[in-house]
Amino acid sequence: MSTAPVTLALMKEILGRVAVGASLSETQAEEVFEIIMSGDATPAQIGGLLLGLRVRGETVEEITGAARIMRAKALKIEAPPGSVDIVGTGGDEAGTFNISTAASFVVAACGVPVAKHGNRAVSSKSGASDVLTALGVNIDADFALVHETLWENKVGFLMAPRHHNAMRHVAGPRGELGTRTIFNLLGPLSNPAGTTRQVVGVFAERWVEPLARVLGRLGAEHAWVVHGTDGLDELTTTGPTRVAEYKGGEVRLFSVTPEEVGLKRAAPADLKGGDSATNAAAMKALLKGEQGAYRDIVVLNAAAALVVAGKVDTLGDGARAAEQAIDRGEAEAVLHRMIAITNRTS
């Protein structure tokens, strides 16, 4: 018997709830996103649902249910125990240097595996994959080589479109809507390595606490969700950063400043990036030990990842470890090994 009538009836029920401003349960969100990510929803149904959720505001339960389906549909890759991810939603429109990508090399050099989930540029001139390509990393390397660099070199780049093939079903409606949707939040929650320790940057402060609660429901061990008061989806050095920490079943809210870990406060202009070639050159200089605003913000974000990894107890200790990894040339060596491994024939 065809499941089409059942699917149509469920979509009508869900769309009817969303149309009147009612929230979906986690189970209902799972059901509707299973239909969507399986290719069984029409473009009109997808667009209507996404816009309805956006206008009303997505709930913790809805985001959790949708993320569960994204994770279930992903092409998985096995990561070492204790791996972390440092990732942002994008969409902050700040056009900064590739902060979390640079921080990934530093964290790996400190002995913590990083399963870096990323994509091409969204609101900047250079996304993670763009700058890695400019650095010489083969982002389309065979999965065997990605696995090798993740396990042997402690950093691997997981190119989102390669792992989330089901996203093709929503590409058309998302593009036509031309506005942020729940999928802007789902990417950082859907690491195909299943990392349970994360630093997640968000484009708006209102998502800091809710996404920490989502990560908890999804099985996180230790996570920071961060938003710079300057608008960055990273920990910022221009002022305070709002943080929601999930650990041990609890969410704790606090702020951090660069000064409290011995870093200089920067001006927003100091953090601006350029195209992928410009950012790659800046990253090479940073990893060779060049001082300045780029280094400081990378150190701060690496420090947060070291905290959630359990490598250090305090952000200050993390900052000192990150600085040492750069100054000893260890972070630069991680990049060079990643370039070599990903360009080999598996």
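A Cβ is built for glycine as well, from the same backbone N, Cα and C atoms used for every other residue.
Annotation comment: Swiss-Prot describes G88, N119 as anthranilate 1 binding site. There are 25 other CB atoms within 10 A of the CB of G88 (anthranilate 1 binding site), with all protein chains counted.
Cβ neighbours within 10 Å of N119 (anthranilate 1 binding site), excluding its own Cβ and spanning all shown chains: 17. Per Swiss-Prot, the feature 5-phospho-alpha-D-ribose 1-diphosphate binding site maps to G88, 91-92, T96, 98-101, 116-124, A128.
DSSP gives S100 (5-phospho-alpha-D-ribose 1-diphosphate binding site) a helix state. Around S100 (5-phospho-alpha-D-ribose 1-diphosphate binding site), the C-beta neighbours below 8 angstroms that are at least 6 residues distant in the chain are I86, V87, G88, K116, G118, A128, V199, G201, E234, N301. Per Swiss-Prot, the feature Mg(2+) 1 binding site maps to S100, E234; the stated evidence is sequence analysis.
What Swiss-Prot records for R174 is anthranilate 2 binding site, and it gives sequence analysis as the kind of evidence. Within the same chain, the residues at least 6 positions away from R174 (anthranilate 2 binding site) whose Cβ sits under 8 Å from its Cβ are L50, T181, F183, listed in sequence order. R174 (anthranilate 2 binding site) carries a helical DSSP state (H, G or I).
Summarising the annotation, Swiss-Prot assigns Mg(2+) 2 binding site to D233, E234. DSSP classifies E234 (Mg(2+) 1 binding site) as coil under the three-state reduction. Neighbour count (other Cβ atoms within 10 Å of the Cβ, all protein chains): 29 for E234 (Mg(2+) 1 binding site).
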Helix, strand or coil at G88 (anthranilate 1 binding site) [DSSP, three-state]: strand
